[in-house]
Structure formats: C-alpha cells, structure tokens
C-alpha cells in the first residue's frame, strides 16, 4: 500500500482522534441533562427522573424523541436566516473550544501552540450567537436576555483572560500540553490559587450557569433569548450549554490540576475523574446558591474579579523575576 505514507497515517490518526473525542463530548453533554436532574434530586432530598429505563437511565432518549417530534417553529416576525444560524454558531463554537483540550498525552483533536488564545476566541464567538438569537427573534424579552448575556460574557471574559496570563507566564507557553507538563512537580492551583478562583467563577458566568443565569431568568425574562426557540434549534442551545460546562471543567483540570497526570490509573481515567468532579461542583452550586440580581453579578466581576486577577499577575511576575535572578546569579557563579 504505497499510498499509506507517514503523512496519510498522521492525518488518519488526527481524524480518528477528533471524531472519537468530539462524539464523546457531544454524547456526554446530552446525557448531562439526566445526570444533573438526578443529582439535583439527591441534593434536594427528592426523586429525580426514575421512570424511563432502570433508575431513569433512558431519560435522555425520551427527551431526544420529544425534541425531535416537537414543531420546529420559526416566528413569522423573525429574521429567518439569522434565527436559524444562531444555535448552529453557538453549538459549533462551544464544541470547537474543547478541540484544543488534551485528554491524554496522545489524545487531542488539535495540539495548537496558541491553544489558550484559541479557547478565548471561541468563547468570544459564542457571544455573537447569543446576540443573533436575541435580535433575530424580534422579541423584547429575547433582546434583553441577549444584551444581558453579551454584557456579562464580555465582562467575565476579561477576567478569564487575565487569570490565564499567570498560568501562561509561569509555563512560558500558550500550549495546553506544555502547561500540563509544567505541573509535573506541583499543580498550578497552589501558586495560582487566585487565578483558579477567578477562572472558575468567570467560567460559570460565561456558561450562563446558576447563579449567573440572569440572561435566562425565567421570573424576569421568560427564559431570555431562548423564548422563541423550539425543536432541534432549542436542542442545540440546550446541549451547547452542557458542552460549555464540560469545556470549562476540562480546562480547569488542564490549567490548574495537572490535566491527565496522576498515579497508577491510565491518564484518560485521571482526566475524566477530575473533570467529573468539577461538573458535579457546577451542579452542586446550582442546587445550593440563590440567584443574585443582575447588577450584583456585574459588580462582582469588576470589584472582585479585577483586583484578584491583578494581584495574581503581580505576585506571579515577582516570583518569576525572583527565580530568574537566582538562576542568573547561579549561572554567573
């Protein structure tokens, strides 16, 4: 087989990695709706879904059938093209954000040297999808929800970027595999604790998850920019939200908790266990905390997020300069 060159083999391996990883992420995102409802039932001392399949394990398929057979309705007063395009952009941008996350030393969709910047770019692209959905729906509640989402996401993305700069400066690279390798002796959560807190809080806000779900507040905005969506269009937004939770959890593990590193177990198992721990934390926070007012959410970003990230960057810079001076003095001697 003369056509089976090393170049073709490498392309084939990359395609297989991409298909397997992204299929697992999409399936996990869809199944998380069942997991969340079961965990919320456990946390709140009540039953969750337990009728379809053993212990409710087939609830996902019941929900899928319901969404597929719902009328995929587009309001007559909506901008049809943008209305249809918005959920597709949201789903694809959130899925692509996971593409740069290495789940093991050999399993990653694409190992970019600018992986951190690529994630920030994809997170910013999802803002346009929300604005498109709110504007194209031609509904005041949708537009208000989209404006809230855009303002909240842009505010907290500033602190996601600033919180990651400490990790990047410490590792000396934007590549996620290099950042994991830099944590061989100590996880970044220790020297970058403020960065971890800021990143996780901002990640919840960018995901629009409780207690940062003001753009979808049912009591105020009747589900916000989702209000005119039904059928598979709504399903793309719905699954995309869970994919964003998986992505933020996976990035938290990668950037601050050593990624796949761990003793005895295979690297992929360590990565999955750590990621699941943060997914459960997302759900626990939803069950435990009330929803604050929108102005309180925005004040939290600038009054808490900005000082924490700046302090973290200052301390990181001092530590790096100190180690550099010690190293240069040692080399001269």
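Here the Cβ of each residue, glycine as well, is placed from N, Cα and C on the backbone.
Straight from TrEMBL, the features:
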- 12-32: transmembrane segment (TRANSMEM)
- 81-102: transmembrane segment (TRANSMEM)
- 114-137: transmembrane segment (TRANSMEM)
- 158-180: transmembrane segment (TRANSMEM)
- 186-207: transmembrane segment (TRANSMEM)
- 234-257: transmembrane segment (TRANSMEM)
- 269-289: transmembrane segment (TRANSMEM)
- 301-323: transmembrane segment (TRANSMEM)
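Between the transmembrane segment (12-32) and the transmembrane segment (234-257), three or more CB pairs separated by 6 or more residues in sequence fall under 8 Å, so the two stretches touch.
Beyond the ends of the transmembrane segment (234-257), by six or more residues, the same chain brings 25-26, 28-30, 32-33, 36, 67, 87-88, 90-91, 94-95, 97-98, 101-103, 119, 126, 133, 164, 167, 176, 179-180, 183, 187-189, 192, 195-196, 199-200, 203-204, 206-209, 226, 271, 274-276, 278-279, 282 to within a C-beta distance below 8 angstroms of the stretch.
Pairs of Cβ atoms less than 8 Å apart link the transmembrane segment (186-207) most often to 158-180, out of 114-137, 158-180, 301-323.
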